[in-house]
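**Student:** One structure is given below, represented as structure tokens, and several questions about it will come after.
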């Protein structure tokens, strides 16, 4: 209301406005609901008449004061929301302040009790009423000085002290039962890896040779193991064992590798041959030659099969073509014992006894058999060195750079990444024969597993990415649950 358009007489006839706390809303807005749009209505001006104090008769009439200041009334405040109780001295103060229109007596007494403690004899500063001063026979100045001296007395000891006994509740605890779509977030606990294998199988005639790769796990949950001159299949669902092939007394199995999809299994032999088998029918499809020495490494990329040999050569074979190989890769100066295609089938990593993981990297100082591509970061490659090296190194093949290195303390035989979380497993030989679960990129150890009495030369991971199988020269296969399932990966990952 504009003060220039209202006369004093009209203002005196209208009642004075007293503003109190707004009434409780019947349907309170959820804390997660969308915010209401701001109102476009301009803020009104309020006419507030302040009653004048009793004063001596004067020739001038009382004036009406116009203001837009909002004066709250705390008479309707609910102090129980703050877990505060009114002190006993507040009852008398409330009764004495009942005549005030703003009802601030109870609030003042409560505030005084919280700041200075109950029954401390501390009175709030107040301006004495002239009428009461006249009845008491005191002048206004003497009354004011007395009240002021009381107001500035020494405060109680619990000023600025927090109320320790007030319970504190999180927002999740208040709304967990009321909101059906709300999920309570628990603090992430460190994942526990079982320290013992849940299954141990005998594997007689499993060779203790660092340069061979005799264990692989198919996408159809079938484990292939080369034992001596034979290849056996173990179905993880039914535990059924099938003898796939027997190479005879003149030859032996040096490597096995499943195709990425389907039932085709490649078998590398000591005589330099590569056989392709249909595992569902236990039937050999074809035999490819061209290697002069044993084939210890195999890697599939769709219908393309790469084979690495002791003759230092890598042959690329297309099983759909009639030729034994379509291209040849040279560059290693010693036996090729590690081969892995990247997940996008664009890059082939090879490791050999000439200490080179991938043909262009040469930081390792011992044979490189352990090679693994990360399924989480494009171009991230991990490689492990032999007895004289003992290190796991990480490479960025996109920028052609060496990222980091960690000394494991023993020969690195195999590496495999988890499909579900950003972790990897390494198996080791001399001198500790351990299995280590690492969290990348911090390379902190989640678990160290022991049980094998020989070098842990063989490693494969299950199709669901939760279980690994390890093989050693102690002629045992051990199955370990080391990685979480895809459904539970949100609870553990992201460092």
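The first residue you see is number 1, and the count goes up from there.
Even glycines carry a Cβ here, placed using N, Cα and C.
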**Student:** Per TrEMBL, which of 120-152, 153-185 is region 'Disordered'?
**Tutor:** 120-152
**Student:** So which residues does the repeat 'WD' (329-355) touch in its own chain, when a touch means Cβ under 8 Å and the partner is 6 or more beyond its ends?
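**Tutor:** Sequence-distant neighbours of the repeat 'WD' (329-355): 210-213, 293, 296-302, 306-310, 312-316, 362, 364-373, 375, 378-379, 381, 383, 385, 389, 397.
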**Student:** Per DSSP, what is the residue tally for the repeat 'WD' (246-287) in helix, strand and coil?
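**Tutor:** Here the numbers are 0 helix, 23 strand, 19 coil.
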**Student:** Looking only at the repeat 'WD' (329-355), how are its residues distributed among DSSP helix, strand and coil?
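**Tutor:** Taking each residue of the repeat 'WD' (329-355) in turn, the totals are 0 helix, 12 strand, 15 coil.
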**Student:** Average pLDDT across the repeat 'WD' (246-287)?
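**Tutor:** Mean model confidence (pLDDT) across the repeat 'WD' (246-287) is 95.
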